[in-house]
Structure formats: C-alpha cells, structure tokens
Amino acid sequence: MGVWHDIIGQFGYIVIFLFLSLGIVGVPIPIPDEVLLTYLGYITSLGEISFTVTFIVAVSGSICGITLSYFLGMKLGEPFIQKLFIKRRTVIRTKRLLQKYGSFLIIFSYFIPGIRHVAAYISGVTRYSIKHFLLFASAGAIMWVIIFLSIGNRLGTNWNIIAYLFRKYSISIFAIIILIIVISATIYRYRKQSMS
C-alpha cells in the first residue's frame, strides 16, 4: 500500500473523492472500495489526514458516483449496463431485489460488492424516484463510509485484516447483508400494516 500512501500524500483529498466516485460508477480501480476506506481510516489514526474531512470527502465522492450511475442508467438504459461487462444474471437479480425491497436495497447495496455497482443503474433504468433515491443513497453512503473508516481507525496497523476477511468470506458477508435487508423490509412492512 506504499504507492497508495504516496498518491494520497501527494494529491490529498481529491484522490479520495475521485477513486470513490469512479469505484461506485463501476470503473475498475486497483483496490476494492472497502479496503481503500479501511486504509484511509488507518491513515487518519496516524494523524496524516483528518478523519472528519476524509469522511465528508468520501461520502461526497460516493454520492457523486452513485448519482452519476443513476442518471447514466436513466438516459442510456439497460443496453449501456450490458456494455459495462456486468453479468446479465447480476442485472436480473438486482432488478428483483430492487422491486421487492426498494429503499432497503439502495441503502445496503453499498455493502454488497457487485450489487452496489448495478443498483444505481437499475434504479435509473426503472425510473425510481430520484428524490427517494438520493435520500436512501445518501443514508447508505454515510453508513458505509463511517463503518469502514472507523474500523480502519480503530484497527490501526492491523487494518489489512479487512482485506483478508473480504477475500475469504465475501459470499458469507453477502448472504448476511441480504438477510439484514429481508428482515428490515419485513419489519417495516409489518409495522406499516399494523398502523393502517
């Protein structure tokens, strides 16, 4: 990670903004978004960059990227998604999840590698309410960034354990997050029905 340390040291917060924006859009970058955020958290623990400013910049970059993805999906449609080399199976699965869980998927999609790159495009293609999309996407970005930044900050020199866990247990993590979405949506619907 020495190269990344040098890049961030030289170009500062603009690099953080750009890489998170591009990563959310789906542009291949050499480091997974979660690993980057955790590493940034580690750097904040060294006092080399500000935790607060990094949080604001990372959230802004994430929201910028996911909003751009939404509008690209809305303007260019599903054929554009297929040109991004996103598997048809992933597109179909994301569509089903979005139809079933809507806002919950948008919030938690940040935590699901592969899905987060598609959820915003599909939201745009299906003309999901932009107002609701921005609200839930912003909530998801704040949660996602604060969690991984905080983990990196707390773990300190052991920050790279996150990279190891994501490589080894990515399928299990995906399953847990989907379970959380399903439970949250079920509770929300139950409460809504009880109130009506």
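Start at 1 and count along the chain as shown; that gives each residue its number.
Glycine is treated like the rest: Cβ placed from N, Cα and C.
Here's what TrEMBL has on this protein:
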DOMAIN    31-153  domain 'VTT'
TRANSMEM  12-31  transmembrane segment
TRANSMEM  51-76  transmembrane segment
TRANSMEM  97-113  transmembrane segment
TRANSMEM  133-151  transmembrane segment
TRANSMEM  171-190  transmembrane segment
So how many of the residues in the domain 'VTT' (31-153) end up helix, strand or coil by DSSP? 104 helix, 0 strand, 19 coil
Pop the mean pLDDT for the domain 'VTT' (31-153) in here, whole number is fine. 85
